[in-house]
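Chemist: So TrEMBL has the following annotated:
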type: ACT_SITE; residues: A:178; note: active site, proton acceptor
type: ACT_SITE; residues: A:353; note: active site, nucleophile
type: BINDING; residues: A:178, A:179, A:180, A:181, A:182, A:232, A:278, A:307; note: substrate binding site
type: BINDING; residues: A:391, A:393, A:396, A:422; note: Zn(2+) binding site
type: DOMAIN; residues: A:99-454; note: domain 'tRNA-guanine(15) transglycosylase-like'
type: REGION; residues: A:1-33; note: region 'Disordered'
type: REGION; residues: A:334-340; note: region 'RNA binding'
type: REGION; residues: A:358-362; note: region 'RNA binding'
Ligand SMILES: [Zn+2]
């Protein structure tokens, strides 16, 4: 192998957010306008043979059991005269042997986030009741802000003055913004979609206002998140008929306008645009959308799966995740229940967000591996144990009792904060343990153990059993008597903003 | 200037207070926990952090490590909602600390039955009970129950029950006499030695006494005297080996809320709302007038004159830094709760004052406000940090700007109050650090500095009044619609989640 300049992605640098890795001879910002998408692993040095595009991972640095799968192809994307800020990849060793789950590192301008991950929602540039320092203290490296809300308040002027949402909220880690379109449709009564954009009444002045794809990207540029979303034409998952196809095709056209605007702005050096796959529950429309959007893979950094209203349509998620390019992150929007997250991970999803863990905390509901606890119930009034003695969150590790949380929930904001800290830690543990299990090759066992604990006597949701069956995991293995609950799972209005 | 000292022990902790200088007083209060080999030290004058329903408002347990949070005061009445109150059920050591999530190695907990800041009208106390307030309504607590609660939850310090009449009606001589007699007898009750615990060497409690007598000097004098008078017969037998009540008391406490209420009869607040009691936020809307503070100082002096000077003096619900300084200067108060500063965070005010006050400010800037009402539009583009006059200490959330918190207040984000509560406690803590520094280094100029502070900062705390008004309007305008919508969404979540606890 010729001694080409190589890129070492791991084991260097001090892990500070925002730091790009120091590289011998070359930086990943690509000397010759080549956009590289790299497969990487935290334990190895990755050498990239630049002319052939083949990546070689130094075998001596690999754990013995991983050495056999040290080869993959790297995708070198010649385009966009900009520096790569999204490095994303998986390689065989980190794919689940059974399901389509995978573990990867996503490197953005504000550091690395391990995938799969759950993203807490900080609608107004704050996770409800917490300080950004606290969120950071939980080990969370990627949160979501809502474009619609930040555009209204504090507004673009303030965001530009302060230098973006990172600076506004003192958050030095990764940030994602949505396009604002979803909130527009769900929060504004008078939205009318035209080819030009979404026409709506300003919530402050009532004046007709147009949100175009270009405008959405422009606002997201002012916010400055590491990942931004295209404006899509959103229809409810209950919609049927020609409107679904129209919305899907329009979303493709709007994607082109977003790409165009984003590329010409120069902001694509620091911000990564994701496409959103639409097409409702119609798998042929989804296929058409996937084909179109995959054609634009060189111009987008990742893909979201949109237009689903909850946990039920796992067939669509499965279809999309299976077809989407392996080298791009896949983001399932508005997913937050633990069972949903794990099924999505098994189907190949890398990222998810939901307001559920933080909103439910404000009503006194703590999430645990044995199912959610409603701390408002009288049975917790005298329980001096923490929510979960094995939980590393500040609330549990400081011994804050269920009794004091029962006593204060819905009366004191401090109770909401305590449970929010716990619930976000729970979400992170569910995903962290999933990543560990995938790395160790024990993900199916983890899934069986998790579901057994979580649903216990209440019974397994049938849709989970079926969805996991489709990727080769039999939840009932060794437990043929297990109860199964009918129905196709969680449905809730996922406003994706609080 | 040394140092009469006093110590007493509670199970495995030793409580100690040393006065380093007498006028004005500078002191050092310590609790040593033998089993943990841990010394907790509070320098005085210093601050006490307030709790509501057993928790520090807006903060979480990871914030409890912040330096200002050392001595925490816990009103017990909210726990009376359940019988027995849950902290009494804790089986391990340091039950009050453990059941509320505070740290024995870090925090000193004092406890009173009632919230000292709550001066709402209450049904009268009886000879054998105090009326306390919890969400389920009024609860009667007897001196014997109080002993039981205290001995099972083991706070570091506890206030003996006290008969403080909370009523707008002016008090008769007879009622005052009764109040003094009850308070003394309830103190005697808690001073009776506790039955020896199963384990541990000693079950003495560190008892604080609220100085009774209301706004009548003669009554206050009589109460203080009753602490010193030797007891006889059955009464003496009960508190043996103590010969008078004062011997059993480790410190003196003054609740200013009922005094201010009595001294400002014009300050009539609606006493009840449709739901019974008025919301707490509406209380305490006016800072103390200087004249009222002057009268209070005279009353406190009356109480303290006959008593030993070696014991800590605690004030609850001082209303302004001006009042705090006057109380330090004139009657040597050692500890103040942070109630007013913590409440300022509730209404969006970031405190910004220093002691000694800055010199050479141009006249138009005087008097300065003690803080910023960050809800005000003028802060929407202000990217400076909360306070003008000192850099925030390392543990405060440094990068946050006025514009950010303005945004969070406008969007009703709870994080605004978290950041402000942390900040306000830090500002108050640094204020006390500076007060102690002046008392140590230049005690003779302390009064001058106090006078300059009074001239520099608005004693009416106009910024707080303005913020409170705005906050009330916003809360009303925001209405219940939004909260109702949120509850609706939560209910939908609850119906759909697969956890069995929801199904009940
Ligand atoms: Zn926890």
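Glycine is no exception: its Cβ is also placed from the backbone N, Cα and C atoms.
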Chemist: Using other CB atoms within 10 angstroms as the count, which residue among the binding-site residues A:180, A:181, A:307 scores least?
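Modeler: Per-residue Cβ counts within 10 Å for the binding-site residues A:180, A:181, A:307 bottom out at A:180.
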Chemist: Quick one: of A:178, A:232, A:353, which of the recorded positions has the smallest count of other CB atoms within 10 A?
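Modeler: Output over recorded positions A:178, A:232, A:353: least Cβ neighbours within 10 Å is A:353.
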Chemist: As a check: which entries in A:179, A:180, A:182, A:232, A:278, A:391, the binding-site residues, place their Cβ less than 6 Å from an atom of ligand 1?
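Modeler: Going through A:179, A:180, A:182, A:232, A:278, A:391 in sequence order, those close to ligand 1 turn out to be A:391.
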Chemist: So how many other Cβ atoms are close to residue A:396 (Zn(2+) binding site), meaning within 10 Å of its Cβ?
Modeler: 23
Chemist: With every protein chain in view, how many other Cβ atoms are within 10 Å of the Cβ of residue A:179 (substrate binding site)?
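Modeler: By my count, 30.
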Chemist: Would you mind listing, in sequence order, the residues at least six apart from residue A:393 (Zn(2+) binding site) in the same chain with a Cβ closer than 8 Å to its Cβ?
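Modeler: Residue A:393 (Zn(2+) binding site) has long-range Cβ partners A:138, A:421, A:422, A:424, A:425, A:426.
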Chemist: Around the substrate site (A:178, A:179, A:180, A:181, A:182, A:232, A:278, A:307), what further same-chain residues have their C-beta within 8 angstroms of the site's C-beta centre?
Modeler: A:185, A:229, A:230, A:231, A:233, A:234, A:276, A:306
Chemist: Using C-alpha atoms only, work out the spacing between residue A:232 (substrate binding site) and residue A:391 (Zn(2+) binding site) and round it to an integer in Å.
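Modeler: Pair distance, Cα basis, whole Å: 39 Å.
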Chemist: Only counting partners 6 or more residues apart, tell me which same-chain residues put their Cβ under 8 Å from the Cβ of residue A:278 (substrate binding site).
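Modeler: Result: A:232, A:233, A:234, A:235, A:247, A:248, A:251, A:285, A:286, A:289, A:306, A:307.
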Chemist: Ten-angstrom check, please: count other Cβ atoms within 10 Å of the Cβ of residue A:391 (Zn(2+) binding site), all chains counted.
Modeler: 20
Chemist: Pairwise over A:178, A:179, A:180, A:181, A:182, A:232, A:278, A:307, annotated as binding substrate, what's the top Cα to Cα distance to the nearest Å?
Modeler: 16
Chemist: Expressed to the nearest Å, what is the distance separating residue A:396 (Zn(2+) binding site) and the residue listed as 'active site, nucleophile' at their Cα atoms?
Modeler: 24
Chemist: Looking at the region 'RNA binding' (A:358-362) alone, can you tell me the average pLDDT?
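Modeler: In the predicted model, the region 'RNA binding' (A:358-362) has a mean pLDDT of 95.
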Chemist: Return only the integer: C-alpha distance in Å from residue A:182 (substrate binding site) to residue A:391 (Zn(2+) binding site).
Modeler: 35
Chemist: Do you know offhand how many angstrom separate residue A:179 (substrate binding site) and the residue listed as 'active site, nucleophile' by C-alpha?
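Modeler: About 14 Å separate the Cα atoms of these two residues.
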Chemist: Please list the DSSP helix, strand and coil residue counts for the region 'RNA binding' (A:334-340).
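Modeler: Counts, helix then strand then coil: 3 helix, 0 strand, 4 coil.
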